[in-house]
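Trainee: Sharing a structure here in structure tokens format.
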């Protein structure tokens with residue numbers, strides 16, 4: 001649903017930004033660029049685990065679709081189309 005998409009988008013953006021800031025601060029304080037990237041990569045993996053599966057929390061407001069409209073003779077069969085195309089034009 002659309003509310004679940006909005007929630008997943010918020011969680012993914014907040015998670016990535018949060019882990020980027022944490023990784024930067026820890027890497028800056030310890031002067032370790034590899035640790036910065038490891039924290040950031042771990043944050044991306046954790047965020048992906050939180051938002052990629054279709055958890056029930058993301059489907060609390062399902063979209064109510066309209067019922068289908070029944071139309072008679074909606075599609076001609078292939079044989080009917082071929083028979084119409086083989087008829088001589090008047």
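Even glycines carry a Cβ here, placed using N, Cα and C.
Quick paste of what TrEMBL says about this protein:
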TRANSMEM  12-30  transmembrane segment
TRANSMEM  37-58  transmembrane segment
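Give me the local environment of each listed feature.
Mentor: Proximity of distant same-chain residues to the transmembrane segment (12-30), defined by a Cβ-Cβ separation under 8 Å and at least 6 residues beyond the stretch ends, is recorded for 36-40, 42-44, 46-47, 50-51.
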Trainee: Grab the same-chain neighbours of the transmembrane segment (37-58) for me: Cβ-Cβ under 8 Å, and only residues 6 or more beyond its ends, written as numbers and ranges.
Mentor: 1, 4-5, 7-8, 11-12, 15-16, 18-20, 22-23, 26-27
